[in-house]
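Undergrad: Let me begin by handing over the structure; questions about it come next.
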Amino acid sequence: MAIISSNIDDNDFSLRKKELRLVDSKVIPEEKKNNNLNLARPLNFKEFIGQEQLKSSLRIAIDASIFRKEPLEHTLLYGQPGLGKTTLAFLIAHELKTKCRIATAPAIERPRDIVGLLLGLKEGEVLFIDEIHRLNRLTEELLYSAMEDFRLDLTMGANRGARCRTINLPRFTLIGATTKLASISAPLRDRFGISQKIEFYTYDELKQIIVNFSRLINLNLDDEASYDLAKISRGTPRIALRLLRRVRDYAQVVMKTNNISVNLIKKALNSYQIDEKGLDSLDRNYLFFLNQNKNIPIGLDSIAAGLGDDSSMLEFVVEPYLIKIGFLTRTPRGRLLTALGKKYIDSKNENF
């Protein structure tokens, strides 16, 4: 019988979650059921940190709809994952003093699924559809009259026996969320009266989010540590809170403390191969690959083949942040490493 030591050191610590890319902004199962994360959600616009311009625009639209006693115009929120689109949808409903019913487009497989959702709505309620760009064509077309005239136009039967039936709907507000604005068809996009982009967060905004959450989970972060973690969080609250939870794991299990310093954060994130820029091994491999081609533009499919990854994942998950921090540029001929990106990658080695 083999005897395995239960001692945990710095090198072994990351193995428990090595399959998870911590800097991926998409939600993971752990985050869907984490009660602390639910407690961290703001209850109103005042508690929502960041997105000041967006909140101001929405505040005016909401107050105007309340003043006129009309439903808020259908609203489209777009931006990278993890920036708060779902949270904003719930806050909009809260400000309107109504319920928010939530659905995801992939789960709306058949026309009758969207019909059921629409018929279940009450006057003034909010219907939130996440990943709305993934609605199939038939389902999307049913939304046209529902959004425009608050009615459903249904075709009953087939061939010569087919007949049309119109069902009036209560006045409601549809809030759609998407990470791929260009993938939404023009007829659907044009039916949203309000369209707002959710931007990446500033370091100061992320720092405040981190400080607030650290109090909920009984961690002590000094001012420098909270700002340092904010800089690593890729402008995304979801990533900031995820990294903070992993730092907590390291602090409590390896260092036996609830006091978080800059040095402890560096050690914890190094165990997951995350560096001071918030980049992980996949980001660095991408940049290394470009650096090997000596300022020659490379097509996305060629990069994906070279790295053994999916091109769509690279385009929508890896590249946006590399572009944001000035390490990557897209050209008609392909992807190019910038001078800043080259300086960064030259300072690293392949065995980070």
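In case you wondered, yes, glycine gets a Cβ from its N, Cα and C as well.
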Undergrad: According to Swiss-Prot, GLY82, LYS85, THR86, THR87, GLU148, ASP149, PHE150, ARG191, TYR201, ARG238 bind ATP; so which of ARG41, ARG112, ARG284 is the extra one listed there?
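TA: Given GLY82, LYS85, THR86, THR87, GLU148, ASP149, PHE150, ARG191, TYR201, ARG238 bind ATP in Swiss-Prot, the matching entry from ARG41, ARG112, ARG284 is ARG41.
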Undergrad: Do you know offhand how many angstrom separate ARG335 (DNA binding site) and THR87 (ATP binding site) by C-alpha?
TA: 34
Undergrad: Compile a sequence-ordered list of residues in the same chain as ARG191 (ATP binding site), six or more apart from it, whose Cβ lies below 8 A from its Cβ; state 'none' when nothing qualifies.
TA: HIS74, LEU143, TYR144, MET147, GLU148
Undergrad: How many whole Å apart are the CA atoms of ARG41 (ATP binding site) and THR86 (Mg(2+) binding site)?
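TA: The separation of the Cα atoms works out to 10 Å.
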Undergrad: From the Cα of ARG330 (DNA binding site) across to the Cα of ARG238 (ATP binding site), what is the distance in angstrom?
TA: 26
Undergrad: Can you tell me how the residues of the region 'Small ATPAse domain (RuvB-S)' (202-273) break down into helix, strand and coil by DSSP?
TA: 50 helix, 4 strand, 18 coil
